[in-house]
Amino acid sequence: MAGLPALPPGSRELFPEDAHAEPVVAVLLPLPLAGAYDYKVPAGMARPAVGTLVRVPLGRREEIGVVWGAGAGETPPERLKPLIGFPECPPLPAPLRAFIDWVAAYTVQPPGAVLRMALSVPAALEAPPPALGWRRPSAGQRAAGQRAEGQGPLPGGARLSPGRQRVLAVLDDHPGLPFAGADLAREAAVGPAVVAAMAKAGLLEAVTRSNEWSPQAPDADRPGPLLSADQQAAADGLRTALDQGFSGLLLEGVTGSGKTEVYFEAIAETLRRGRQALVLLPEIALAAQWPRRFADRFGAAPVQWHSQMGAAARRRAWRAVALGRAPVVVGARSALFLPYPDLGLIIVDEEHDSAFKQEEGVPYNARDMAVVRARLGGFPAVLASATPSLETIENARQGRYRHLVLPRRHGGAEMPEITLLDLRRAPPQKWLPTDFAGPGGSEGLAAPGGANDEAEEQKAPPPSPTASPSPTASPSPMARPARLGWLSPPLITAVEETLAAGEQVLLFLNRRGYAPLTLCRSCGHRLKCPRCTAWLVEHRRDGRLRCHHCGYQQPIPETCPACGVADSLAPCGPGVERLAEEAAHRFPKARMDVAASDTVTGPKEAAALATRIANHDIDLIIGTQIMAKGHHFPLITLVGVVDGDLGLTGGDLRASERTHQLLHQVAGRAGRAERPGRVLIQTVDPGHPVMEALASGDPALFLEVEAAERQALAMPPFGRLVALVISGEDSARVQAVAAALGRAAPMGPGLDVLGPVPAPLAMLRGRHRHRLLLKAARGVKVQPVVRHWLSLVSIPPGVKVQVDVDPISFL
């Protein structure tokens, strides 16, 4: 039939020419559906290959899906709807399709829900409209242009100005390739007006050109820094792995050992072989230094991929990857699902980081899925960390991963000295408030709120940095009572000494905002989120109370919403804003800034902060966990951990492991160059295994204790866990479904089901939540067990059962 669309470039036909006039194909749609739908291929339409993107009708709308195979043939052809056409987009590569199927099966999720992550930018599925370009005109046109300038037919444009000659030289170096005007001007080192004038004179020919983005290619042969013997041995190991197909490798190195430069060598070798490389970072949107280091090493920036990119940037990045024009991608976990035509290496940096686990939608761990993606593609996956997860360590011990170790800091720098400050013996001291403008002067923190929070400080005892006060009466408005401090005398002295030496200090407190809890001193009411089982966190900088789970916010009230008493609300416990308030009082001459995810909101802000720290425009940084990852600031010689015990409490399986990793990482920010560093950790429990391991400088000491405890309980990595989270707006329905799942719980050797119980976050975003936890022996295949379990219970409308295989959060 005339006018039917042709296949996009890169596709081939699925069916032979003598096949039935209207063959049937299975099309997977990016929707949470049970499987692919059958569609017929109209007579005369090109017959698509597996992986081809197609437009199909779905109800009254049109969707773009992917041909997943031949149709099942269960529906009569006359009842099938026909394909509409093909978007101008390369087909999904076979390894990506296999990966989508694997992830869906492993996570017990619909394959269409996984496909949606691969087709996350619908606008990228169509080619951009062609744009105007310029190229060298034909000989006849060139002569006409010269005559128009009064030059006559002089050969070679001898009378052209030097700038115009450079423009034509660029075009001669790329015969037949049209340039955008701005690109041509940049390559020839002329202004845009020169190109415009040449076009008007007929010296350039206007043509339409593809508007696809082609990022500058990194130079794999650009010389890198001289590697140490340890680095060279590790780099050789990675290069060897590139010759051997799939393998998993653990690149473990102490903080400052130069792991990045080692895996840069593997990226360079991958580029020499003409293949693509992917680097996953836990918070790429906030990692300002990594792209700079890459550009310094390879002479070009990597293609970035993360959620804070604008729609246009995501569109062009997605298509650049799909068209093979993105040699190196650095991204967040979702970059795993980009359509690489020839991926040859995956690096997972900071592989231990919990940010690699997606909790919403399709729950998956990008660290583990990266290894699967590499296995399906037949190339290496490198997991890099100074504090590897216990799961990764166990895989290395069992021989599943090759273990490469960098035991020393690069360049002769020494590891920092770590000292525990026992707050029971040297508690923080109170301080008298003065006028306070906060870091950055008028643009910093807001001034304290008055008598209500001062009253709390006057009454509450200070045994711990996170102690909560008891309600008390308001003092006289004329009083200037002492406030609770969060910095102990030894830490204050160390900060003063470091600042006096012209060096920088990082005070670490992994808690955003001003105070984690606000209560009424009159009636004891605690301000809670109306949509979640969580306290509202005060953010005094902008006068708001915020829920850190759902995003709800409200102004800080002047009266208690429960009893109506005015000026009775008191903040409890410290956040980074409150710590900054004390630091500004104790170190008034220090230039100070706060680094948290709500103050450093994206790549530009992160880059600006990193530049200010590197240029020593800041003396004292007060930061959360975003300061613990990958930063290299040679002048930071003191790290003070304000609350080392934060995160150790609660029933989280990995609480101790995560605390050890985080504190070890933040300690690694100290003394990364020729100046020695020291780390002071405030704690009320210096005998805790985490604290003892940190003080000893021997992470293996902690891992040995942690592994023994997990193995005794058959917990991961020595056992399997699957969480079922039942949620809905109707509490009774949620409880009924949870109870039904409890009654239908699987039984058998190596299986145990805990629950149902209300989740610790019993309400989240207005939905009631219950949990069950399937605990299984290491060798049990849990997915068939879970599928059968779910099939035994009818799930009513409005109730959702979320399956989380290998959970890391138990909220």
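Glycine too: its Cβ is placed from the backbone N, Cα and C atoms.
Copied from Swiss-Prot, the annotated features are:
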REGION    130-161  region 'Disordered'
COMPBIAS  135-152  compositional bias 'Low complexity'
DOMAIN    240-406  domain 'Helicase ATP-binding'
BINDING   Gly253, Val254, Thr255, Gly256, Ser257, Gly258, Lys259, Thr260  ATP binding site
MOTIF     349-352  motif 'DEAH box'
REGION    431-482  region 'Disordered'
COMPBIAS  460-474  compositional bias 'Pro residues'
DOMAIN    490-709  domain 'Helicase C-terminal'
BINDING   Cys520, Cys523, Cys560, Cys563  Zn(2+) 1 binding site
BINDING   Cys529, Cys532, Cys547, Cys550  Zn(2+) 2 binding site
Under the DSSP assignment, what numbers of helix, strand and coil residues are found in the motif 'DEAH box' (349-352)?
-> 0 helix, 1 strand, 3 coil
How big is the gap, in Å, between the Cα of Ser257 (ATP binding site) and that of Cys529 (Zn(2+) 2 binding site), rounded to a whole number?
-> 44
Which of the binding-site residues Cys520, Cys529, Cys532, Cys550, Cys560 has its Cα nearest to the Cα of Gly253 (ATP binding site)?
-> Cys550
Kindly assign Gly253 (ATP binding site) to one of the three DSSP-derived states: helix, strand or coil.
-> strand
DSSP three-state assignment for Cys520 (Zn(2+) 1 binding site) = strand
Rounded Cα distance, in Å, between Thr255 (ATP binding site) and Cys547 (Zn(2+) 2 binding site) is 34
Average model confidence [pLDDT] within the domain 'Helicase C-terminal' (490-709) = 91
Quick one: Cα separation, Thr260 (ATP binding site) versus Cys563 (Zn(2+) 1 binding site), in Å?
-> 57
Alpha-carbon spacing, Val254 (ATP binding site) to Cys532 (Zn(2+) 2 binding site), which is rounded to whole Å = 40
Taking Cα atoms as reference points, which of the binding-site residues Cys523, Cys529, Cys532, Cys547, Cys560 is nearest to Gly258 (ATP binding site)?
-> Cys547
Cys563 (Zn(2+) 1 binding site) to Cys529 (Zn(2+) 2 binding site), Cα to Cα, whole Å, comes out at 18
Which of Ser257, Thr260, the listed binding-site residues, has fewest other Cβ atoms within 10 Å | Thr260
Sorry to bug you, but what's the C-alpha spacing from Cys529 (Zn(2+) 2 binding site) to Cys520 (Zn(2+) 1 binding site), rounded to the closest Å?
-> 15
